[in-house]
Amino acid sequence: MSPSHASDVPVYNPRNYLNSPATGLKSWLLTQDHKRIGVMFLVAASVFFAVGGLFAMLIRIELLTPGPTIMDAMTYNRLFTLHGVVMIFLFMIPAIPSGFGNFLVPLMLGAKDVAFPKLNLLSFYLYMLGAVVALYGMIHGGADTGWTFYTPYSTTTVTKVVPILLGAFILGFSSILTGLNFIVTTHTMRAPGIGWNRVPLFVWSIYATSIIQILATPVLGMTLLLVAVENAFGWGIFDPARGGDPVLFQHFFWFYSHPAVYIMVLPAMAVISEVVCAFSRKNIFGYKAVAYSSLGIAFVGFFTWGHHLFVSGQSAFDAGVFGVLSMFVGIFTAIKVFNWTATLYQGSIAFKTPFAYFVGFLFFLVFGGMTGVAVATVSLDVHWHDTYFVVAHFHFIMVGATVMAFLAALHYWFPKITGRMYPEGWGLVGAVMVILGFNFTFIPQFLLGNEGMPRRYFSYPERFWALNVASTAGASVLAMGLVIVLVYLLISLKWGPIAGPNPWHSRGYEWDTASPPLPENFEETPVYTRGPHEYDEDSYANPPPVAPEPKHAS
Amino acid sequence: MNDLLRRMLFLPDQASDYARQVDGLHYFVIITTMVAAAGVFATAIYFFVRYRRRSDTDVTPRVEPKAIHEVIFVGLPLAFFLVWFAIGFPQFAKLQTPPKDAMDVYVQGKKWMWKFAYPGGPNSLDVLRVPAGRPVRLLITSRDVIHSFYVPALRVKQDALPGRYTQTWFSADRPGRYEIFCAEYCGLAHSGMIGELVVMPPEEFDQWLATQGRGVAGSQDGTPIAGEPVRPASNVIEEGRRLAGEQGCLKCHSVDGTRHIGPTWVDLYQRNEKLQSGKSVQADEGYLTKSMMDPAADIVAGYQNVMPTYQGKLAPPEAAAIVEFIKSLKTPAVQSGPSEGPVYESIPRK
Ligand code: HEM
Ligand SMILES: [Cu+2]
């Protein structure tokens, strides 16, 4: 039997989490509904993304000419620090897990909510508190250390690092609570029929992310506290002038922050696995390989931090070990890339906006990943370390993966979250501009790094000029693309056509309820007799439910 | 071929054999990366076209991987990655093991300049002179925060850590001048912390070093030195130099012509300084002294009013000594006098 078409006549579910039990501000701020909390995270993270993006544009404009362009060196140094802090701690780490994860994980597990709804709300408020504390520091002085806070610079600078460190410390708790919640939810709240081999790939990746969050974040918390203490009271922990060890900080810091990269990338992979299946209408090629490689990345991610310290006086032996271990992350990523590509084989591919972002994602991940292994090749990294090559590399991975996936998710689940559709034509225009603009921004930065331009440079020798202009031009296209996306999504919130419960004919479990979902997700606990990514003829004999009513036990 | 690829990838000059070897690996990595990526993308694009959705009711078959697929997916990248590593790691190990006959230079980073000291000999700011064709071991440390000594043309970089020595080495193959950057963010003037590596013909270098070793003030016109008449350093000037270091003047004023937080002192004496007010003034003894005691009075055009006053901190003879020191600074890139480094035990050689 072929998929049913009943959903072509969309119905807006009259009772949903957006209007029930109430619509007032208070009903949102005090909600324990994972969906509302997820939406609040998404809105907040998007605002911070815009703020970080604004800083990025200012940075690029400053670098348009070799000397000072629109600001002085101190302002620039604070600006790139804020850009990094806002993007990493306020956008990338929470956006997908705390935003989409909160919204989707219970839906994908057929659960009514997360395991600890109150902790979930607390997690949101810790996030806001951390953001406010950090922003306070930024407005009153701002730090000039880079988001890496390397000692002894950060413990001796006169700028206001302490509030920003405390802000990041508080944000860490939010991250830990969310991770904890997801782990318990995944273990205990799966609907009947969802064995471990039927857990949606999105949830697998979020689960792996959560493990990293609860294991690594405390280390960062401790480290940031130590820096704050040294900065405020002058204890000799990292500053050699007081008997401390400056490299110790780097070990601590990267022990968290390298796995943190996977806190950003794994959720992106989570989104992509879902998008690939839905838009090629195929079951995933190698479910187990894709699911377990997430755990592999989470595990190996803890043993690679030393690749940030190749030129810090580390022994050649250490460098060798960290170099090889780093390559394993590349292998696990390669497995996913190959499996996603193979999933397309014999599929039925609809080139919609989320799929366009998947294509961008694939491109960026392959180049970001390959250049990652290249910088793990120790002798090459000596030349590239702390140059624009590295800036381009981590933007390819982090923006390429996280932002592409964030945008893919925003479009793919827009009908789920709002019950409405965005305009497809504009969606593709936005995607093309974002992807091209992104390439024009960062490919020149790879070349700048080759040429030797160090990062965090306020001004630069003239031979770097042309490539910097190219990069700034690309950034403008990228920014324009993002503005277009923002505008049509905001318009669609109110005026978008009604989407119906499952406009993509997706087989993901989260589509088995109304869009937007009921306040309690499902009227009855669903029971599953099929996997979450099954599109082959057999499982299609049992078409996805399309009425606004949730799927019942079959 | 090398040159073509190097230009395509925007790599800088290769000032050493080591740089050429590293670039060789770079080309190999970039080519394998591009080929692999092109393979993935070509396959993906073929699938997009071949399997585009034809009708809204398409159904697709279930395709499961065979063991062989997963073995290829893991094995192929692993093989390439390990080959990269197998080439790159010995290169790195080589960079970590200076040859026994290497000449030592002590390098000290401080906000925001590089200071080089030759054992028992001279030291200089921001200009590192080395002989071509001979291995040079750098023993690197920092006075304040972490800096990173980076010469793109040599493909060499090493962090400068306060309270510790790290080392690296190179052997530049022909005379030339190359940029030295600071690659680790170190504050306000991080991007201005640029030095110069001057690779000299070995004989010239030996002569230069010998001249410097005798503790002279260096040449008058800035050209490298051979058999210059020796002008013994006067005690007043030495005293001025010491005071300038001690009082922190040299944190902002360079003595070799590089631009810093404050105007350089080289050739400052009798120079016509343009002021922010639009006036200009001749830098005579009176102006120099006044600038120490009331720096805000005449700000030189293009600089900030950041200098503290030394009123009451410098006794008149001390100020005079510093003025004499400034008067003695005539373009030489190198100061004489005994080396001020190293402060720590040097790292034992393997
Ligand atoms: C319009 C897009 C963007 C542009 C043009 C841009 C540009 C830049 C530039 C010029 C730097 C400074 C590099 C340096 O001097 O070290 C930088 C740093 C950074 N960017 Fe972006 N960026 C953009 C978007 C993003 C996004 C979306 C993220 C994260 C999701 C991000 C994360 C970072 C991080 C983590 C750093 C390092 C900060 C540091 O070095 O302290 N950027 N970016
Ligand atoms: Cu520096």
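Here the Cβ of each residue, glycine as well, is placed from N, Cα and C on the backbone.
The structure displayed is predicted, hence computed values, not measured ones.
Annotated features, as they stand in TrEMBL:
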DOMAIN    A:28-529  domain 'Cytochrome oxidase subunit I profile'
TRANSMEM  A:37-59  transmembrane segment
TRANSMEM  A:79-109  transmembrane segment
TRANSMEM  A:121-141  transmembrane segment
TRANSMEM  A:161-184  transmembrane segment
TRANSMEM  A:204-233  transmembrane segment
TRANSMEM  A:253-277  transmembrane segment
TRANSMEM  A:289-310  transmembrane segment
TRANSMEM  A:316-335  transmembrane segment
TRANSMEM  A:355-380  transmembrane segment
TRANSMEM  A:392-414  transmembrane segment
TRANSMEM  A:426-447  transmembrane segment
TRANSMEM  A:467-491  transmembrane segment
REGION    A:515-554  region 'Disordered'
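Mean pLDDT for the domain 'Cytochrome oxidase subunit I profile' (A:28-529) in the predicted structure: 91. Taking residue pairs at least 6 apart in sequence, the transmembrane segment (A:253-277) and the transmembrane segment (A:426-447) share fewer than three C-beta contacts under 8 angstroms. For the transmembrane segment (A:355-380), same-chain residues at least 6 beyond its ends with a Cβ under 8 Å from one of its own Cβ atoms are 268, 272, 275-276, 279-280, 304, 307, 310, 319-320, 322-323, 326-327, 329-330, 333-334, 337, 340-341, 349, 389-390, 392-394, 396-401, 404-405, 407-408, 411, 427-428, 431-432, 434-435, 438, 446.
Contact between the transmembrane segment (A:392-414) and the transmembrane segment (A:121-141) is not supported: fewer than 3 Cβ pairs lie under 8 Å, counting only residues 6 or more apart in sequence. Outside the transmembrane segment (A:467-491) by six or more residues, the chain places 50, 53, 56-57, 60-61, 63-64, 407, 410, 414, 422-423, 426-427, 429-434, 436-445, 447-448, 451, 460 with a CB less than 8 A from a CB of the stretch.
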